[in-house]
Every structure is written in structure tokens, then in C-alpha cells.
Amino acid sequence: MVNKKWIAMLLAGGQGSRLGELTHELAKPAVSFGGKYRIIDFALSNCTHSGIDTVGVLTQYQPHLLNAYVGKGSAWDLDRNNGGVSVLPPYQGKNGGHWYEGTANAVYQNIHYVDQYDPEYVLVISGDHIYKMDYTRLLQSHVAHGAHATIAVIQVPWHEANRFGIMNTDTTDKIVEFEEKPDQPKSNLASMGVYLFNWKILRKYLIQDEQNPVSSKDFGKDIIPKMLADGSSMYAYRFDDYWKDVGTIQSLWEAHMDLLGKNPAFSLNDQKWQIYAGNANHPPHYISPGAEVKQSLVNEGCIIYGQIDHSVLSYNVQVGAGTTIHDSVIMPNVTIGKNVTIERAIIANNAVIEDGAVIRPVKQSDDIILIGDRQKIFTHI
Amino acid sequence: MVNKKWIAMLLAGGQGSRLGELTHELAKPAVSFGGKYRIIDFALSNCTHSGIDTVGVLTQYQPHLLNAYVGKGSAWDLDRNNGGVSVLPPYQGKNGGHWYEGTANAVYQNIHYVDQYDPEYVLVISGDHIYKMDYTRLLQSHVAHGAHATIAVIQVPWHEANRFGIMNTDTTDKIVEFEEKPDQPKSNLASMGVYLFNWKILRKYLIQDEQNPVSSKDFGKDIIPKMLADGSSMYAYRFDDYWKDVGTIQSLWEAHMDLLGKNPAFSLNDQKWQIYAGNANHPPHYISPGAEVKQSLVNEGCIIYGQIDHSVLSYNVQVGAGTTIHDSVIMPNVTIGKNVTIERAIIANNAVIEDGAVIRPVKQSDDIILIGDRQKIFTHI
Amino acid sequence: MGNVLGIINLINEKPFLKELTQHRCMASVPFGGRYRLIDFTLSNFIHASITKVGVFTKEKYRSIMDHLGSGKEWDLDRRNGGLFILPPVHPDEKMKGDLEHFYDHLEFFQRSHEETVIISPGYHVSKMDFNDIMAKHKADQADITVVYKDYHGTSVEKPIYHTCTFDEEETVTDIELYTSPVPGEHVCLETFVISKKLLINLIINCVGNGEYDLIKDAVKANLHTLRVKAYHFTGEMPFIHSVESFHSGNMAFLNPEIIRSNFYDSWDLYTKVKHEAPVNYGLSSKTSNSLIANGCEIEGVVEDSILFRGVKVHPNAIVKNSIIMQRGEIGEGAYLENVIMDKQARITKDTVVMGGFHPKVIKKAEII
Amino acid sequence: MGNVLGIINLINEKPFLKELTQHRCMASVPFGGRYRLIDFTLSNFIHASITKVGVFTKEKYRSIMDHLGSGKEWDLDRRNGGLFILPPVHPDEKMKGDLEHFYDHLEFFQRSHEETVIISPGYHVSKMDFNDIMAKHKADQADITVVYKDYHGTSVEKPIYHTCTFDEEETVTDIELYTSPVPGEHVCLETFVISKKLLINLIINCVGNGEYDLIKDAVKANLHTLRVKAYHFTGEMPFIHSVESFHSGNMAFLNPEIIRSNFYDSWDLYTKVKHEAPVNYGLSSKTSNSLIANGCEIEGVVEDSILFRGVKVHPNAIVKNSIIMQRGEIGEGAYLENVIMDKQARITKDTVVMGGFHPKVIKKAEII
């Protein structure tokens with residue numbers, strides 16, 4: 001067994017209840033994204049590109065699809081004999097079973113998993129953000145600072161800073177204070193939910209935190225503040241590329257719109273940093289005579305007779321003649337009939353939209369419309 | 001996706017508490033066997049040889065080692081893109097989480113897993129028996145009988161029949177009665193815990209049983225009796241080769257002794273039915289000048305200076321000079337010093353036996369001695 | 001099935017595809033926007049649950065090795081069985097025929113546990129149900145089953161096809177080698193079912209007699225001593241024997257019905273996964289009746305064409321009735337019609353390239 | 001490491017091992033009871049986290065393809081990187097030298113993302129820490145690092161080793177080709193570290209000048225223009241250049257200290273897994289100072305010997321100072337001494353086979 005310099009623990013347990021029907025039957029990291037991917041693909045691909053070959057995926061809520069999707073990990077080159085990707089659900093030991101109680105507890109319950117690789121560093125990331133990040137730079141910064149923990153941060157607009165965990169740093173980027181969703185933020189450096197720890201130190205804190213009866217057993221709420229309070233050497237690592245939390249229908253839709261255009265805010269077609277996806281075997285898509293596709297991303301397996309403008313179409317989507325789709329996100333295996341109108345909507349997997357249906361907000365300023373999994377829509381909505 | 005004719009559900013959840021310290025930190029199917037294997041290897045290898053390429057391993061108690069051991073399944077050629085081996089732990093859904101309550105409940109909770117392969121038949125097996133069995137013959141018999149369920153049975157000595165689930169059959173091997181551990185057995189055909197079901201029928205019974213508040217949700221206690229009571233077409237399939245339940249220290253030891261000799265009761269060295277094992281990369285073993293090895297199985301990685309007679313040595317066992325080992329089972333990574341005496345004992349993984357220690361029952365008729373995992377033995381026991 | 005050994009026989013490939021087979025064997029030629037010809041046969045094997053496949057290669061097989069890799073995409077990275085590439089054993093000598101090559105790898109056949117062998121070339125574009133063929137083979141109690149298809153292609157100038165005749169019980173009575181078939185004639189698809197034991201005997205006997213040709217010396221020569229039966233393949237399959245028929249065979253896929261029947265209906269066509277992003281259509285793009293693979297970026301006009309992965313069509317470029325292979329790039333204002341553009345070729349700004357009845361082939365990595 | 005491309009260069013193998021290399025290349029020769037020679041270099045690569053490996057093969061490489069398979073056992077079945085077998089591109093022409101072969105596969109180098117290349121032959125039996133070699137290469141700011149070892153073998157008749165000399169700063173000043181070294185001389189292990197960019201330049205320049213030999217034309221010829229540094233390998237490594245030295249190199253492993261240092265100490269030696277059962281020792285067995293691989297069944301006497309997987313020693317048979325490869329069988333009452341028995345060979349009842357100073361080699365599948 002070759003020991004590992006670092007491994008990643010990917011938090012994929014959350015239900016993501018603000019995504020409504022999208023997470024009815026699957027965990028948030030398994031939600032479709034970008035016409036081809038699932039949200040978790042971004043974190044997993046980042047690991048692969050950063051040379052991390054051992055990833056523990058901590059999962060609890062509706063793990064089957066995620067389990068089947070991650071499989072043996074070959075899509076991300078994580079089907080390794082030593083290491084690779086492991087889905088880590090809760091379990092029963094001699095003293096009965098425990099569901100994961102918080103993010104820190106989830107890692108605590110898998111200390112033995114981490115220990116078997118004896119890593120120097122552990123990267124803790126979450127499976128619900130859209131970004132391309134080379135974690136090796138974070139590691140370099142961590143080592144250069146001789147830090148106990150390094151937290152990746154991104155500048156957010158000042159008026160949104162109160163929605164994030166905010167880092168207050170000194171001039172060397174050493175973290176001096178951490179505030180979870182502060183009313184009066186002193187900085188706009190928000191935590192991206194990407195933490196690098198020296199394993200020996202984190203291990204100690206996890207065990208300590210577990211014995212604290214009032215702890216919520218969460219990295220942001222408990223572990224980080226405690227380490228800070230103890231005077232640990234903690235640094236911020238500034239990330240200045242695209243990063244988006246897709247925790248709501250609105251932000252999920254926005255992130256899709258960010259993919260479109262000639263120079264999109266976030267490009268998926270990056271040969272040096274491909275995003276890997278599982279089960280990616282579909283035929284080329286077919287655009288019929290009379291169809292019109294502009295400013296859009298269309299994935300394999302689609303058959304298009306209608307007009308698509310400024311939208312994202314996932315695999316195996318069928319669009320009938322006379323149909324127009326604007327500013328929308330169509331998830332996999334959706335069948336859309338003829339003369340349908342879809343605007344500012346997200347249509348979830350396997351939905352069926354019958355001929356002539358109209359799906360659009362009453363007013364342009366209204367919320368994005370969500371059509372849930374396997375729904376069948378006959379007419380106006 | 002290619003649909004599957006049949007898949008297997010392997011019950012690996014049990015603690016196996018009668019194995020004492022051996023299952024302190026691992027599930028019974030993960031216990032070492034035969035110098036090289038773990039108990040679950042026999043069921044998994046049977047699946048591979050029978051052409052079953054989709055196996056769900058239902059696990060609950062201390063699943064980590066089993067999880068890490070099964071891995072992506074490549075040892076058993078079960079690292080398939082479509083199907084392969086999947087470890088299926090309990091999970092949380094919309095309505096919270098449920099640990100597996102019984103063998104039937106464990107399969108019930110994974111109905112969606114089975115459904116995704118849409119199999120015609122489901123083989124339910126357990127991960128704690130030692131046997132080589134071609135399940136395709138069971139399938140042939142099942143199909144020939146047009147059965148709803150077929151249960152593999154083996155003749156046991158009449159005086160032991162009261163320890164098993166006993167099938168009473170008519171002359172065509174149709175099961176007419178099932179008795180769990182009967183005081184007055186009417187037959188000596190014991191259930192091997194190997195069931196083949198038509199999935200559609202089993203699925204119905206699993207859902208029905210789940211709604212029965214007094215059911216223990218077990219195949220042997222609930223599903224089989226209910227199907228029989230309903231007049232389902234159920235047949236026994238007679239198996240007449242070696243089969244052993246290794247649920248106790250005594251039976252585990254006996255099964256090891258069955259491996260020894262020129263024509264052993266159970267041969268591991270069968271080129272047509274190899275037993276596959278994970279992590280099987282160790283160097284050849286070394287027998288020093290002065291060592292003596294007779295009537296024994298010795299696995300790779302050992303370094304032997306002492307005398308071994310009628311025993312089984314697992315990988316990476318070291319035996320010092322002047323030491324004698326008789327009628328014993330030495331599990332992996334055990335270090336045995338010089339001038340040690342070991343008789344009628346099972347020494348568990350990673351134990352260390354110091355120079356001069358004597359490990360043997362006081363009387364030949366006493367129980368087999370078990371030295372637990374990682375124990376360090378200095379002198380007499 | 002589990003009891004069948006699949007053989008893909010690349011030995012008898014002819015240089016029909018000219019420039020396209022200059023640096024690769026025919027089985028490795030790209031097809032249908034995303035595939036290589038060999039993917040069709042391999043996928044057919046997978047759908048028949050064949051898990052041990054031997055690919056007998058002759059020359060220019062490096063790209064096929066690259067493409068197949070460990071066999072993972074076809075689920076053939078197995079300990080028991082899996083994918084075996086069997087190159088020539090005596091590369092310095094001219095190969096006398098496929099049977100010689102089989103003979104050199106006789107151990108491969110002998111060591112296989114499978115009882116039945118299916119042999120097929122690597123360039124058939126078809127969805128062939130080998131389970132059905134096997135079932136007929138068994139029901140017929142045949143020694144050899146020969147798969148044939150009624151010829152429907154345009155007439156061929158050179159005599160390149162083998163045709164077979166059979167009686168009313170579909171017992172093959174003759175195989176005519178090297179003919180120019182007319183529509184309706186029974187073209188032998190060089191696809192056979194045979195027991196491994198019989199195949200080994202035939203190989204040893206033929207080679208012992210200085211005979212080296214499977215269809216001529218093992219099949220045709222034994223029509224009267226063995227029970228050789230015919231299987232009528234009635235599915236879609238273009239006859240590809242020239243650059244034109246390769247072009248038209250591709251274009252036949254510009255039809256949703258054909259796409260559906262070939263790529264869906266639970267009959268996945270497996271190929272190497274390349275992780276390309278979805279196609280990005282620009283504001284000025286205009287696409288019609290075309291098959292577009294992932295990774296493309298389209299800002300120009302694409303009509304009646306097939307674009308492989310990662311093709312770029314710049315603004316005001318026009319692509320008509322053409323096949324653009326992987327990573328091709330069509331510069332601004334360029335015009336292409338009736339063209340087959342091999343991988344990584346590039347058409348510079350405002351260049352016009354037109355083929356006539358014979359599509360114009362642009363070589364790999366060529367810049368025009 | 002992640003940024004290093006590993007090359008195993010089988011081009012310069014010499015037919016030192018006679019019958020043992022009659023049907024296989026040297027890298028594929030069995031060694032140490034369970035391995036092939038190439039396993040050592042491959043395992044060294046793995047321990048340095050090298051995840052892309054190209055094996056440049058010349059001839060008789062079928063058994064190496066069989067052995068390596070998909071690369072799964074070495075964790076090299078990867079989408080990015082992994083194992084690449086690179087056979088000759090022009091099999092019908094005599095290869096002029098390793099640089100020609102590298103040139104034919106120039107695209108392989110060019111397309112690789114790795115910046116550094118380690119080149120090694122496939123037959124060194126050693127535990128070599130490439131991380132350490134790389135570290136020195138960097139610290140030295142070397143263009144090329146040449147790995148050498150002080151000669152310790154018996155004297156060789158034919159001049160087959162390249163020796164190097166260097167100054168007090170370990171800058172290589174000369175490489176003498178084809179010498180017969182005396183103990184203590186610095187034998188160049190034909191193992192090099194070089195940047196990919198420089199390697200590509202050297203390949204193109206040399207081949208352009210009609211020069212085809214890596215060590216002579218790329219390394220030696222540039223000693224005065226490039227910064228070529230020496231790395232002293234001090235670990236265990238037998239010099240194998242004859243059947244005798246192959247035999248003694250194997251026998252050196254009959255030593256628990258050597259076994260421990262080569263096979264344990266968290267330096268796994270990876271090889272193809274064969275799922276053999278533990279060794280079965282019978283009532284009449286007597287084994288002493290021997291290395292025994294799984295799957296063996298021993299009822300006779302085995303002394304000072306190495307038994308590969310699946311060997312059977314029947315009652316009253318005696319095996320002394322011998323190497324018995326996979327699936328060998330020694331009949332009842334037979335006597336073997338100083339023998340190397342290739343795979344699947346069989347010694348019949350009561351037969352006596354003895355080698356002298358030159359071990360007697362029994363060919364693959366031979367029956368005596």
C-alpha cells in the first residue's frame with residue numbers, strides 16, 4: 001500500500017431541500033447540471049485534475065442514484081486499486097448505528113477510512129458547487145504558510161456577504177475571525193466550503209468536538225471557530241475564478257445561463273480541465289430541417305425539430321416542431337411535443353410536455369418555473 | 001443498458017456474534033478463511049463462476065472492511081460497467097432512515113436496486129457459508145419445474161436436523177412443508193440459505209410482508225412460510241457436495257481441518273472453480289533450512305523457521321525456530337516467536353505470540369482456543 | 001451467453017477507403033459522428049453477452065489499440081476473458097491468410113473455455129442479434145452457420161464480394177468467391193458461427209495442407225462434408241466498399257428513424273468516452289438535417305452533414321453534405337460541399353472545397 | 001509525482017537467456033517464484049506515482065501483452081494516462097535503433113502532458129526509488145541524469161555493458177560503450193531522467209542525422225553540450241547477462257533479509273494475480289531453504305530452490321538448487337539438480353536431470 005500525501009472527503013449527504021422537487025428522489029449532488037453533468041461531477045473532476053486519487057464520498061440521504069452514478073469511479077479515473085472513490089454511508093458498529101449528524105460528525109465517523117491512507121493532508125469539499133479549481137495551488141499556499149488549516153475564499157458582492165460564512169483576515173491572509181452569516185460583515189471574503197487540514201490536527205479536533213454535547217458537529221459552526229479560538233494557524237486562500245452555490249432553483253437557473261454565449265462566465269468546453277461525467281454514452285444529436293438552435297448548449301442524444309434559444313438541453317431530449325424554448329433548462333430524457341412554449345423554466349428529468357403546452361411565468365419578473373421529475377404537463381401552467 | 005436475466009442479493013449484514021472476538025471489528029462474511037480468503041469470497045466466486053455479473057451485497061454491521069475489501073469488485077471480475085458488485089448499506093429517504101430489520105427487509109429496502117436491472121430471477125444467498133456451487137444448475141431446475149421459488153437443500157445427519165430449517169418434500173421435490181429447527185424432523189433436507197425466486201413474485205411478497213406488523217421480516221421465518229401457505233410452487237434443489245456453515249469457532253476450525261490432507265473434504269486448489277480473493281498480492285513464502293511443514297496449507301508471504309503440522313497458515317505469518325504448530329489455524333499477519341507451542345487453536349489477524357508461549361487446550365476434548373485480533377500473548381494460556 | 005468466444009477478424013480488409021485507411025486499418029475508420037467501424041461489431045458482441053473477444057490484427061493497428069485501450073468502455077477489462085489483441089507473430093513475413101494467423105494463435109483458441117466461436121469482420125455497420133443467430137445455429141444443428149444479406153448497394157466494379165447459394169432448407173450449396181453482386185444476391189458477410197472444436201480442427205488441417213483462407217479452404221471446401229447453414233440478416237446495413245459508399249452509408253444516418261433504431265431501443269452503441277462538453281451553438285449558427293457530436297462549436301451554417309467530436313465551424317462558414325471528423329476546423333467564410341475531412345484537418349478562411357460525385361477527401365491534419 | 005512519463009524500453013534487449021527468451025522477450029522472463037522481470041521496473045514506477053507508462057516493444061512481445069493485459073494489476077487501467085504498449089510501426093523493416101522507434105511514436109511523447117521522462121529497460125531486478133533520482137535530477141539542474149551501479153557480478157566474456165566516468169561533481173565525462181567491466185566499475189543502467197522537451201528534440205535531431213541509438217547518439221554524443229549528471233544506485237541488483245547469472249540472481253532471494261527488503265517494507269511488487277490456492281504440503285514433504293509460490297502441491301523433497309505457481313512435486317521426487325517455473329511437474333522419484341525448468345515442463349517418473357556449473361535449461365512444455 002502506497003501512503004497518500006492527501007485525500008479528499010466530499011460531503012454529499014445533504015438533501016438540498018431548497019431545490020424542491022428536484023431533490024425529491026435524489027441527493028442534491030446528484031442533480032443534473034449543464035446538459036450533461038451532475039453537480040458532484042465538478043468536485044470530482046477537480047480532484048482528478050488536482051491529482052487526488054482517493055476520495056471518500058460521505059452520503060446519507062437517498063444515496064442510491066449517487067451510488068450507482070459514482071459506481072466504481074471510472075469516469076473520473078478514480079477506479080484505483082489503492083484508493084479511488086469510496087461511497088461512505090452511515091453504519092452500525094458494536095454499539096449500534098448512528099446517522100451522520102453534521103458535516104464534522106460525518107468525517108469523524110470515517111476516521112478509520114482516512115487513517116488507512118495515513119495522509120498528511122485532508123481536503124474537505126462539498127458536492128454542491130459549480131467551479132473549476134486546482135486544489136494543488138491551495139495545497140501550495142497551505143504548505144508555504146505552514147498552516148494548520150487553509151480555507152478557500154471568494155469575494156462576494158458586499159450586499160450578499162451576510163448570506164455566507166465570512167473570513168476576516170490580516171494582511172498576510174491569516175484568518176483572525178470567522179463569522180457565519182454576519183449582519184454587519186467586516187469583509188466580503190466568503191468561505192467556499194473548501195477546507196484543507198493537516199490530518200493529525202483535524203483528527204484531534206474531530207474527536208474533541210464529538211465529546212462536546214452542545215456541538216452541532218459542523219465544520220463551519222464548530223470546528224473552524226474552535227480552531228480559531230485555540231489560536232491555530234489558519235489561512236485564507238483567495239480564489240478569483242467562477243464559483244457558484246446552486247442551492248436554490250433561482251441560482252441553479254442562473255448558473256445555467258452563465259454557461260451560454262460566446263465567452264460564457266463559465267465554460268464547459270475547456271480541453272485542459274474537462275468535466276468528467278458518468279454514463280456518458282449517447283449518440284450525436286440530430287437537428288432536423290426547419291429547426292433553429294442559437295446561443296444554446298445541446299447535449300448528445302437529442303432530436304430537435306423546434307426552436308431553441310439561449311437554453312441548455314440535456315441528453316435524450318426530444319423537441320417537436322413548432323415548439324419554442326427560451327431561457328430554459330431541459331434536463332435529461334424530457335419529451336417535449338409540438339407547438340409547446342417554454343420560457344424561464346427548468347424541466348426536470350423524464351418530464352413529458354404534451355403538444356401545445358405553454359410553460360412560462362406570468363410576468364418576466366416572476367420566479368423561474370420548475371416542472372418536477374416525471375411530471376406530465378398537458379396544457380397551460 | 002442490457003437487462004439481466006438474473007442477479008444475486010448477498011446477505012452480508014450479520015454480526016456473527018457466535019464467532020466472538022473474530023467479529024469484534026468486522027462482519028462475519030469478512031472473517032479470514034482458508035489461509036487466503038474471506039468467507040464472502042466463496043459466495044462471490046460462486047456468482048462469478050455461475051455467470052452472475054450483478055451482485056448486491058447487503059451490509060449493515062461494521063461494513064468498512066467489507067466495503068474496502070470488495071472495493072470495485074475486480075478480484076471477482078465484478079467490476080462491470082453495467083451491474084457488477086454494489087455494496088448496499090441502509091440509507092435515509094424522505095421519511096428518515098431505517099436500519100435493516102431482517103433479511104427480507106434488507107432486500108425490500110433495495111427493491112429499486114433490483115428493479116433497475118429488471119431481472120427475471122433473483123438469487124438470495126448469504127455470505128457466511130463455505131461451498132462451491134454452480135447456481136446455473138439451480139436455475140435450470142427452477143425453470144424446469146416452472147417454480148416460483150427454489151430452495152437449495154443438503155442432507156444433514158438426522159441427529160443434527162433439528163438445528164436447521166428443514167424441507168419436507170414430495171417425490172417430485174416439491175416442498176410441502178417447511179419447519180424451522182423442528183424438534184421431530186420429518187426429513188433431513190436442510191435449507192442452505194440459497195433461494196432462487198421469480199422476481200415479480202418475490203417483489204409482491206416483500207411488499208406484503210413489510211405491511212405485516214408482526215413479521216420478523218426474515219426469509220426463513222416469514223417469506224418462505226407465507227409463500228408455502230399461499231400454495232406457491234416451491235421446489236427443493238438437492239446439493240450433494242461440501243457445504244458448511246461456519247457460524248461458530250468450532251465449525252470454523254472444523255472447516256479448516258476439512259481443507260487438509262491429500263484428498264481433502266473441500267479442496268481449494270480446483271483450477272476449474274478457483275476461489276477469488278481480494279488484495280492477493282504477496283511474495284512466495286519462504287521455508288528455511290530446519291523448518292518442517294507437513295499436511296498443511298501455507299499461503300504467500302509467510303516466513304517459516306518452525307514446524308507446522310496439519311494446520312492452515314494465512315499470508316504474512318512468521319513462525320520462529322523451535323516453534324511447533326498442530327491442528328491450528330493462523331490468520332493473516334500473525335507473528336509467532338521462537339519455541340512456541342500452538343495446538344487446536346485459531347490465532348486471529350495481527351496477533352503476536354511471544355517466544356516460549358504455549359497455547360493449547362488443557363484437555364484434548366476441550367474447546368478450540370481463540371486468540372483474538374491484535375492480541376499479544378506472552379506465555380501460557 | 002457466456003459460452004461464446006467472439007473473434008473480430010481484421011485480416012481480410014481491403015484498401016477500399018483510400019486516404020482514410022492510409023494510416024489506420026478499416027475497422028478503425030471513424031463513422032457516424034462519434035464511432036469507429038469496429039464499435040458496431042463489438043457492441044453487437046456485448047448485447048449477446050459475449051465477454052471474451054479476440055481481435056486478430058494485421059497492419060496499421062495502432063489506432064485500434066489506442067481506441068480499444070483496456071476495453072473498459074466495452075466492459076471487456078476482465079480477468080476472465082475480456083479483450084485480446086492478437087498481432088501477427090511473424091511480422092517480418094508476409095501473412096499467407098487468416099488461417100495462418102489463427103494457427104499462430106492456436107493456443108488462444110485452445111485455452112479458451114468457450115465452446116462456440118463467432119467470427120466477424122470489423123467493419124460492418126449493423127445491429128446484429130447474435131443471440132438469434134446462435135439460436136438458429138443450434139436449432140439447425142449446424143456445423144457452421146454463414147450469415148448473409150441480400151445485396152442492395154450500387155453495383156461494384158471490382159469483384160470483391162462472396163455470394164452464397166443454398167437450397168430450400170437453407171443448407172449452403174455453394175459459395176462463389178470474388179463476385180460483383182447484383183441487388184438481391186446473397187452476399188456472405190464473412191460472419192460465421194462454428195464450434196471451437198471444429199474450428200481448431202479446420203485450422204490445423206488446412207494449415208497442414210498449405211491452405212490458409214478461412215472462407216475458401218475451411219468453409220467452401222467443406223460444404224459437402226459439413227452441415228453449413230445460412231442465416232438471413234435482414235437489418236439495416238450499408239455495403240461499404242468505396243469512399244462514395246462510405247459517404248452515403250454515413251448520410252443514411254441523417255434520419256431520425258435510423259438513428260432511433262440504431263442508437264436507442266435499448267441497443268447502446270459503445271465507444272470510447274471522451275468527455276466533451278455539449279455542443280455550443282452561437283448566435284449566428286444555422287444547422288439543418290445534421291448529426292452533431294459533443295464538443296463542437298458552431299457559429300456558421302451546417303446542412304445535411306455529420307460533425308464528429310470537437311469540430312469548430314466559424315461564422316459565415318458553410319458546410320454541406322459533408323463529414324467532418326474529430327477536431328476539424330472550418331475557418332470563417334469557408335465553403336465545403338461533398339467533402340470527407342479526416343481528423344484534425346483545417347480549412348482556412350474563405351477557402352472553397354467541393355467534391356463531385358466522388359466526395360473529396362481531406363487527409364488527417366491537412367490544412368487547406 | 002504525476003508529472004513524469006515512464007518509458008520501458010525493450011528495444012535493446014540481447015538474447016542472453018537463450019532458451020528462456022526463445023519465445024518471449026527478456027522483460028517477460030519469469031523471476032522470483034511469481035514475477036516477470038518487467039514487474040520490478042513497473043512497480044518502481046508505481047511507487048514513484050508514475051501513472052502513464054509506455055512500453056516500447058520490438059519482438060516476441062505477445063507474452064508481455066498477455067502479462068500486462070489492461071494494466072489493472074499495476075493500477076494502470078486509466079483514462080488519463082495508464083499503460084500503452086507501443087509495437088513497431090514498420091514491422092516489415094529491420095529496426096535501426098531505439099531512437100527510430102521513439103521517432104515513429106513521436107506523437108505519443110508530444111501528446112503527453114508530462115514534462116519529465118524516465119527511461120528504463122525492462123529487466124532490472126531492483127527496488128529503485130525514482131523519487132530520489134528525480135529529486136537529485138532537479139537539485140543538479142541536470143539536462144540528463146544517468147543512473148549507474150558499481151559492477152559486482154562475475155566477469156563477463158563478451159563486452160556488453162556501458163560504463164561511465166564522471167568528475168568529482170558527478171558530471172558525466174565519458175560513456176564507454178560495450179565493455180567488460182571489472183568489479184567497482186560504474187555500469188550505466190540504461191536508465192535516464194530527461195525533460196520531455198529535450199528528449200523530443202534529441203529524437204528529431206538524431207533521426208534527422210541518421211543516428212538511431214539513444215545512449216550513443218543522444219546521450220554520449222552530447223556529454224559536452226548538455227549537463228549530464230550521474231546518480232549512484234546502491235541498492236541490491238543482480239547483473240543478469242547469462243543463464244548462470246539469471247540462476248544466481250534468483251537464488252539470491254533465498255534469504256529472508258533480501259525477501260523482506262524487496263517484497264515488504266511497504267514496497268509491494270505488483271504482478272498479475274492468478275488466484276492460486278495456498279500451497280498444499282503433503283505428509284511426505286520435506287522443504288528447506290526454498291521460495292514457494294501458491295498453487296504448488298509438494299509431496300517430495302525441495303531444497304535451495306524456487307518454485308513458481310502451480311508446481312507439483314510428487315512423492316520421493318527431489319528438487320535441489322533449481323528453478324521450476326509455472327505449472328511444472330516433477331514425477332515420482334525424479335531427481336533434479338541445478339536445473340531451470342521453463343513453464344509447463346514435466347519430468348517423468350524416476351528421471352534424473354542434473355546441470356553443472358551451467359544450469360540445465362528445460363524448455364517450455366518439454367517432457368523429459
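In case you wondered, yes, glycine gets a Cβ from its N, Cα and C as well.
Taken from TrEMBL, the feature domain 'Nucleotidyl transferase' covers B:8-260. Positions annotated as alpha-D-glucose 1-phosphate binding site by TrEMBL: B:Y100, B:G165, B:E180, B:K181, B:S191.
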| message | Going by DSSP, is B:K181 (alpha-D-glucose 1-phosphate binding site) sitting in a helix, a strand, or coil? | response | coil
| In the chain carrying B:S191 (alpha-D-glucose 1-phosphate binding site), residues 6 or more apart in sequence that have Cβ under 8 angstroms from it | B:I151, B:A152, B:V153, B:F164, B:G165, B:I166, B:M167, B:F178, B:G220
| Three-state secondary structure, B:Y100 (alpha-D-glucose 1-phosphate binding site) (per DSSP) | coil
| message | On the three-state reduction of DSSP, what should I expect for B:S191 (alpha-D-glucose 1-phosphate binding site)? | response | strand
| task | Would you mind checking how many other C-beta atoms are within 10 angstroms of the C-beta on B:G165 (alpha-D-glucose 1-phosphate binding site)? | result | 22
| task | Please work out the mean pLDDT for the residues of the domain 'Nucleotidyl transferase' (B:8-260). | result | 89
| field | Maximum Cα-Cα separation in Å among residues B:Y100, B:G165, B:E180, B:K181, B:S191, which the record lists as binding alpha-D-glucose 1-phosphate | value | 24
| Using a Cβ-Cβ cut-off under 8 angstroms and a sequence gap of six or more, which residues of the chain neighbour B:E180 (alpha-D-glucose 1-phosphate binding site)? | B:G165, B:I166, B:G220, B:K221
| task | If we count other C-beta atoms within 10 Å, could you say which of the binding-site residues B:Y100, B:K181 has the fewest? | result | B:K181
| field | Structural state of B:G165 (alpha-D-glucose 1-phosphate binding site), classified by DSSP into three states | value | strand
